[in-house]
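What TrEMBL says about this protein:
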TRANSMEM  6-23  transmembrane segment
TRANSMEM  69-90  transmembrane segment
TRANSMEM  97-117  transmembrane segment
TRANSMEM  160-180  transmembrane segment
TRANSMEM  186-206  transmembrane segment
């Protein structure tokens, strides 16, 4: 039992450290916005969708009574909200950003109303919320596939972040193992696409290394 408990504690700690490390990659975007006082080359939707994803998993963690899920997603939601506020501050076209934010917040509020008001049974609520979070997480992991296709077309990996790729791989692997230990498919399954897409990204970095990418861009100019 002590060995199992220690393994669970280490796995829980790995989930916290790797996930917060992945979330903190947004700090580079934050510093860029503060330094340039603009949002050039910074994408807004990843901040917004990750924030919604954090809030969903935070609710699932509260309902399940899982401290690891609560800690990670509470901190993640705070960080993503910080990134969103910074983007709103420096973005010249605030109307579009506010519209996107209001739309997702509206969807989130309707979801909370459905799960917490119309579903009085805790077990059914947990299952439905877990399914929603799983589908949302899978869609987030699969959404960059279009960018990966562009990398293959252009033979350029400049649009990919190597540090984020490593962080995503470690995070997805740790959460998959965590879900396996808990026998929770809602945690385990949605992180498997993250492992797959991370390995695809690593293969692309090997196939089109940054040095080759630099020479390629020089030839194009």
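Using N, Cα and C of the backbone, Cβ positions are placed for all residues, glycine too.
Keep in mind that TrEMBL annotations are predicted by a computer and have not been checked by a curator.
As a quick check, the transmembrane segment (6-23) and the transmembrane segment (186-206) miss the bar of 3 or more Cβ pairs under 8 A, pairs 6 or more apart, so the two do not touch. For the transmembrane segment (186-206), same-chain residues at least 6 beyond its ends with a Cβ under 8 Å from one of its own Cβ atoms are 60, 69, 130-131, 133-135, 137-138, 141-142, 144-145, 148, 151-152, 157, 160, 162, 165-166, 168-169, 171-173, 175-176, 178-180. Long-range contacts of the transmembrane segment (97-117) within its own chain (CB-CB distance under 8 A, at least 6 residues past either end) are made by residues 44-45, 48-49, 52, 55-56, 59, 84, 87-88, 91, 125, 128-129, 132.
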